[in-house]
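Here the structure comes first, spelled out in structure tokens, and everything after it is commentary.
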């Protein structure tokens, strides 16, 4: 079976899991269990997936839902970090390299795809007050803008991307120290946004394991396929923003901690009141608040960090070379968006 079919199939099941685990459990407790069983019956029709899920259930996810969820989120966060080690050109840390430029373009596609195809639609799912969702997105954007501006004022810098946008070669000792340290506001904002995003993912994943082990495993596989291109794009943003390879790895580890925190919160919410509706209601409320806020932060990062890097010309004297480079960048933007569309295909 082709990889694209595998991804499409897995992700066609996962949204159902997350949907009834995070957004609809408040009103459809018995319906959720039926949906869980139905999803696993569908899985049985594909012997490869049935065998894989049974193997994982018997050899890896052998404990209760709390521990299974923690194990799953650790594996999910480890996979993208291992994946970046095999991408050529990332260790060189050359901000002008074509590889990094194309990865930044890919990250813009995945970022926009995540915002437009996943985060915002998920925020609007089952919500009657659309204005509140829009307000939360706006609040997220303004919060990241305020944080960015505050950090710039406190650090005494007016443009953290000076090496990209400025033609001046004079630097104060403070600016030189910041450059050596890989100091970049947008990169840190990307880390903060990643933490918030991973918290919501962790809550959803934990809820799926409390639905059933099989559903939790299916969700874990689907989320892994989703996270690899997403984390690869985030990694490219960090490198292009001035982080060294080890710094980017450490930053990704910090965002991974957010997923563990989110999973722990999800487990706590599901266990409160002996699996009563109170747990799933709290989980849904937390997710409804976090998702649109995260969308606002992601929009800020895309518009102030990623897009300016793509607009930057590395060889302004060669117009033909720049047009060829832009053509490749445009292709990678579409590829990134298409990957996220495939990941979120219902």
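Glycine is treated like the rest: Cβ placed from N, Cα and C.
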Same side of the membrane, residue 191 and residue 230, by Swiss-Prot annotation: no
Local confidence of the topological domain 'Cytoplasmic' (224-252) - pLDDT mean: 77
For the topological domain 'Cytoplasmic' (224-252), residues assigned helix / strand / coil by DSSP: 25 helix, 0 strand, 4 coil
Seg_contact(the transmembrane segment (100-120), the transmembrane segment (253-273)) with at least 3 CB pairs under 8 angstroms, min sep 6: no
